[in-house]
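Before any comments, here is the structure.
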Amino acid sequence: MLQRAASNAYSWWWASHIRTKQSKWLEQNLQDIEEKVQYVLKLLQEDGDSFAKRAEMYYKKRPELISFVEESYRAYRALAERYDHISTELQNANTTIASVFPDQVPNFAMDDDIDMSKFAKRSNISGANVPNVPKLPVKDLKSAVRVATKKLQPRKSMKYTGGSTNVVVKSSGLSKPEAMGEIDKLQKEILALQTEKEFVKSSYEIGLSKYWEFEKGIKEKQERICGLQDEFGESVAIEDEEARRLMTETAIKSCQEKLVELQEKQEKSYEEAREEHVKIKESKEKLRSMASQFLGDESVFAKDDGDEVRRTAELDHEIKEMSRKKKELESVKEKIREHFESGANSSLNGTDMAEKVDELVNKVISLESAVSSQTALIQRLRNETNGLQTQISTLETDKALLADDKSDLRNKLKEMEEKLKALQDLDRNVLDKSSNLQTHFDDACHNLDNLSGGNLHEVKPESESDNLAISIEPQKDLEGEKRTLDISEEIKEHQKETGEEKKEAPVKSVKFEQTRNATIAEDSTIPSTNPDTVLESTEKVDSDLEKQDASDKTDSVLDNVLENQAASDQTDSVLDSVLEKQGESDKIDSVPSNVSEKESDISFNGEQQEDQKEKEGEPDWKEMFMKGMENREKHLLTEYTTILRNFKDMKKTLDETKTKMKTENATKDDEIKLLREKMSLLQKGLGDSNDLMENQLSNDDYSIGFMAAENQNMSLVEEQFRLNIDELLEENLDFWLRFSTAFGQIQSYDTSIEDLQAEISKLEQRRKQDGSSTAKYALRSDVRPLYVHLREINTDLGLWLEKGAALKEELKSRFESLCNIQDEITKALKSSAEDDDFRFTSYQAAKFQGEVLNMKQENNKVADELQAGLDHITTLQLEVDKTLGKLIDEFALSGSKNKSDLDLQHSDSRSRVPLRSFIFGSKQKRAKPSIFSCMHPSLYRKMKTST
């Protein structure tokens, strides 16, 4: 589903991206066409009053008009191609939608008709005065007529052969009676499939409506949750166990309700099948009586009725079984309700429970489809039975007329006999499917009973067993030991009877042997032993083993605590010895060795503690072997994953310990160096240097101890202020990154604008040097890219101003948050002074106030720089706007962009207008032969183009 949601989100993004590109392309094209049209209208509106204007119009304006026409044709061709492509894609999309949502196909068709009618009206209005082009004549009329006659020949031959009496074998290879029988059979199958299709469609619609109701309810509840969370500012998360339990309960309840509903439908179907079976039996009796009355022959229907009696008995038995299963389902429903009301949690782990529930859901779904198919089959049986009864009643009314014509009566009776056989086969099919459905119902009810009954309490989760093992009380331990002794005596008596008595071992081995012997006795099913008592004793021994293991674990935890306490005492003694022996430099050199010994002792104790934890986390292999290791691979996989997870945790803790020890060693080395320097200075001093050194060391020790106590006794107020300041510092990093990138863009904008202005100044100098009016249009192709680049830079500058405004607002909000922190610091200091507990001292408040003041100063500096950047960008934007207006006025950029197409005016295919006729008008003159007509055509063409 995530993947589907992700793919839907990506497709939406891609569609919006394409739509944006298409809209930009269309907007650009429309803008270009508008500029070209305005320019061409200016050209056409000019008057050629003088000879110079007419010459300019001929040599300069005429090629521009021709290029405009060519570019307009190209643009129209591109639009037509795009329209063709988009219409094809739209048609494919409509086809896909129609295949996925067939109910909405008429709506699409109506929309298409409306659109086509609109386009048809527009086309008729626009092309009202345009004459219709006649169609091309058929070149090969004889061949077309011959092909048409060949196509019509098979129809004529079929008409002629249809009147003949001979039976013609068609391409299917069947005769007419066989074909009629095949058609009848296929029509009946189609009818059955259509009936099943209607039932499936109705169930699908009902399920779809329920699905949307559930979706609506979920949406309303989610909106209610969001509203409550926003109102109170708190959120509640459901635990995994609670969510799993709720989902399991809902799934089991839904399956149980669906099974009851299907059971009722199946019972109703059984009743209907029994009624139809009785009708078939009555119809057979009527046909038999008619045959014996009019034909005196019962051989047609004289068959053993054992099958019908057996089927009737089976149907009655199935109905009784269905009623019994319905009662069982009601009892199971009551068990489920009591189980869920009592709040009993499922003891199966999540994977096993999910697999069992999935299996039950799949069975219920298959049962639902099978019941719908069975209902459709019974509906078909009812229709055909009613048809047969109608025919029998018609035959009974006309039996007086058919009494004389016995052959016709016999044929009709045979036809009804065939229909009766088909009905009996259909009835037998219904019975077989009913028995098969009953088997599936039994299986589903058994699974539901297992999920709601005893299997829910067979396996216990590991966390629950651990918690129970840790929270054992001493009285329960004593009771468990007494119970273990009683069970051991019973098992010894049983061993004496079977001749398998063994020697006693230590406490744990005796318990293991006792449990194993009890399991062997249960498997071998010895007559002298009751299996129930053996099972009870086994469960008791298992619980005692768990309690004994828990007591061992608690003892090991206490041992680890004592070892850690001894290690800490040893560490304190080492540090005291180091501080006492600081008077001599030679003794100071021995401190690293003591520290290394301390570290090795701590690491050794830590390793012992980790080993003990690993032993505690191991599963109870004795209990698993006693229970037979049914899911051996699953247990091994879980054990492997736990070992791997423990290894990763151990590696992580080891790395953390290494880094911690490295830092501690570095600090201790620094302290040792400092002490050596002090020793050297004190040895050079006066004779009372030893006293001074001891005083300084005591002061240092006091300061170090005070700082350590201060770090250890950090109050909640300090932690809260520290968290707030750290959050602001992290936000500072993100803000500085965005601020630096934005300021880096300013330099690039400066350089690009300067370069563009330099290029524009060069072009202006070239235009001034040429001095002619044609130079402006010649330089337009060079100015156009610069104009486009400046427009892009102008857009980017606007975006930068928006980003700068957002950064400015963020700075204001940060300044307000810093002021709020200052107010909170002063309030906390006043409250601590009033309470006289001094958990938050003035020294701590001054420290935090200093940090906040530094952050406020940095914030003000950044705000000043940002304001300067905004002013600079605004100035650049004004300069760019001014330059763009200047380019539009000087170079008349409203014309066409591509002047490279002017070379097309020299093509041979273009008709040319002579200058004399264009200026002075055309005169009727007799054409004279050219002097160059005697030349070679290629040379004549070159000469013509050169002139």
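Heads up, residue numbers simply count up from 1 along the chain you see.
The backbone N, Cα and C atoms fix where each Cβ goes, glycine too.
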Of 744-773, 894-923, the range Swiss-Prot labels coiled coil:
744-773
The annotated coiled coil range in Swiss-Prot, which must be one of 176-205, 686-715, 836-865:
176-205
Report the DSSP secondary-structure composition of the domain 'NAB' (10-90) as helix, strand and coil residue counts.
76 helix, 0 strand, 5 coil
Are there residues at least 6 beyond the ends of the coiled coil (744-773) whose Cβ is under 8 Å from a Cβ of it, and what are they?
779, 782-783, 786, 789-790, 793, 796-797, 800, 869, 872-873, 876, 879-880, 883, 887, 890
Spatial neighbours of the coiled coil (176-205) far in sequence, C-beta under 8 Å, 6+ residues away:
167, 170, 368-369, 372-373, 375-377, 379-380
